[in-house]
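Feature annotation from TrEMBL assigns active site, tele-UMP-histidine intermediate to H216. Under the heading UDP-alpha-D-glucose binding site, TrEMBL lists 28-31, A61, 77-78, N203, 209-211, Q218, 363-364, 368-369, Q375. Here TrEMBL flags C52, C55, H127, H214 as Zn(2+) binding site. Residues or ranges marked as Fe cation binding site by TrEMBL: E232, H331, H348, H350. Look at TrEMBL and you will find 8-226 tagged as domain 'Galactose-1-phosphate uridyl transferase N-terminal'. As annotated by TrEMBL, domain 'Galactose-1-phosphate uridyl transferase C-terminal' applies to 233-390.
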Amino acid sequence: MPDEILNDISHRRYNPLRGSWLLVSPHRTKRPWQGQQEAPSKSSLPEYDPKCYLCPGNKRAQGDSNPSYTNTFVFVNDYSAVKEEQAPYSPGSNNSGAEEEDDLGATLLQAQSVTGKCYVLTFSPQHNVTLADMTSDDILPVVETWTRIYASHISSPSSSSSSPPYLASQAATCLASLPPLEPGVSLPSPPKQQLRYMQIFENKGSAMGCSNPHPHCQVWATSTLPEEPSMELRNMTSYRRAKKRHLLADYAELEIERKERVVWQNETILIVCPWWAVWPYEVLVLPKRHVRTLVDFTGDERKQLAEAIQEVGRRYDNLFECHFPYSSGIHQAPLDASEEEAENSYLHMHFYPPLLRSATVRKFLVGYEMMAEPQRDITPEQAAARLRDCGAELYRKDL
C-alpha cells in the first residue's frame with residue numbers, strides 16, 4: 001500500500017510516460033460545491049433514427065448513403081480535420097531575401113504542413129447503445145476493425161519508401177488472420193502516401209463534445225507524429241535504454257503485485273487507475289506482455305481486449321448510474337516505425353472521464369491546472385476501489 005499519509009496530505013506524483021508531475025489534494029473533496037453541474041445523460045434514444053447520419057441505410061451530410069451494416073462500418077470523415085491533398089507549403093525566406101544567421105521568424109514562427117486521412121467507425125448499427133451496453137462479443141468486431149485499419153496503413157501500396165516499414169510483415173500476417181468483412185461493407189482505400197501515425201479515439205457523451213449519440217469513434221492518420229504519443233515514445237525509449245526493459249511492462253508487473261490500483265484483469269489485459277492519473281476516474285488499459293501495436297495481438301488476445309473495454313464501459317456507467325462521458329484513445333507504434341521505435345513502443349489505451357462526485361458534477365482542468373500543473377482530488381487508490389465495486393450487471397438492465 002502507498003504511505004497512508006498520502007490519503008490526507010497534498011502531494012505531487014510523477015508520470016513517467018509524460019515526464020511530468022501533478023498535484024494531488026485528497027482533502028478537497030470535502031469542500032461544498034456550488035458550481036456548474038452537468039445534466040444527467042438520458043437513455044431515451046430509439047434503436048434506429050431516420051435523421052442520424054450514422055445509422056444503417058441513411059444518407060450522410062454530404063449525400064453518401066451508409067450500407068445496411070450489421071456490426072461496424074468505416075468511412076472517410078465528411079468533415080476531415082486533415083486531408084490527403086492540399087496546397088503545398090514550405091517556410092519562406094525573410095522579406096529581404098538575405099540569409100540571416102539568426103532569423104527570429106524562423107525560430108519563433110514555425111509551421112509545418114500536415115496531411116492525412118480521417119475516418120469514422122461505427123460500433124453498432126443500433127443507435128441507442130454504447131460500449132457499456134454491448135457484450136464483449138459485440139465489441140470484438142470493433143477491435144478487429146481497428147486492427148484492420150491500422151494494418152492497412154502500415155505499408156501503403158504506392159509508398160515511395162525504398163524499404164518496407166518494420167511492422168509490414170506482421171501486419172500482413174495479421175490481416176490474413178482476421179475474419180472477412182460482412183457483405184456490402186468495405187474499408188476505404190488506403191492513403192496514397194505512407195503516413196506517420198494513427199490516432200484512434202472516442203468521445204462519449206455531449207460533455208466531451210460528441211456531436212452524434214450513435215456509438216462511434218474516430219481514426220485520424222497523419223503525416224506527422226502528434227505531441228502526446230511523441231512525448232510518451234521519447235520517455236519509453238529513454239527508460240528502455242537505461243533499464244533494458246519496457247516501462248509499461250514493468251509498471252503492469254508492479255501494479256499486479258501491489259493490487260491497490262488494479263480495477264480488473266484477465267489473462268492478457270490489466271485495467272488500472274494509474275499512479276499518475278489526472279482525471280478522477282481515469283484508467284489505463286494495458287497488455288501484460290509487450291505488444292507494440294494492434295497487429296501484435298493474437299485472436300484470443302483481441303477477445304480479451306474487447307472484454308476489458310466492456311468492463312471499463314460498464315463500471316463507468318454503474319458508478320453514478322448514468323451514461324458516463326469520457327474520451328478514450330489508443331497509443332501504439334507509429335505507422336512507419338523504425339525497428340527501434342517499434343520495439344520501444346508499448347500499446348496502451350487511455351480513458352479520461354470528467355465526472356468527479358456524481359452524474360452531475362464534473363472535474364474542470366482550469367485555473368491552476370492550466371497555469372501551473374494538473375491537479376486531482378480523490379486519490380487513484382480511492383478511485384480504483386470504487387470502480388472495483390461496480391462490476392455488477394449494467395444498472396439500467398434492471399430499470
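Including glycine, each Cβ sits where the backbone N, Cα and C put it.
In terms of Cα spacing, the binding-site residues R28, E232, H331, H348, H350, K363 all stay beyond 10 Å of H214 (Zn(2+) binding site). The separation of C52 (Zn(2+) binding site) from R28 (UDP-alpha-D-glucose binding site), Cα to Cα, is 42 Å. The Cα of H127 (Zn(2+) binding site) lies closest to that of D78, out of the binding-site residues D78, E232, H348. Sequence-ordered, the extra residues of this chain that approach the Fe cation site, with Cβ no more than 8 Å from the Cβ center of E232, H331, H348, H350, are L17, E228, P229, L284, G329, I330, L347, M349. Closest to H216 (active site, tele-UMP-histidine intermediate) in space, going by CA atoms and restricting to the binding-site residues C55, H331, K363, E369, is C55. Taking CA atoms as the reference points, H348 (Fe cation binding site) and D78 (UDP-alpha-D-glucose binding site) are 28 Å apart. Neighbour density for C210 (UDP-alpha-D-glucose binding site): within 10 A of its CB lie 15 other CB atoms from the protein chains shown. Looking only at Cα atoms, H331 (Fe cation binding site) sits nearest to C210 among the binding-site residues C52, C55, C210, E369. When Cβ neighbours within 10 Å are tallied across all protein chains shown, the highest count among the binding-site residues C52, C55 belongs to C55. Of all the Cβ atoms in the protein chains shown, 23 others lie within 10 Å of the Cβ of E232 (Fe cation binding site).
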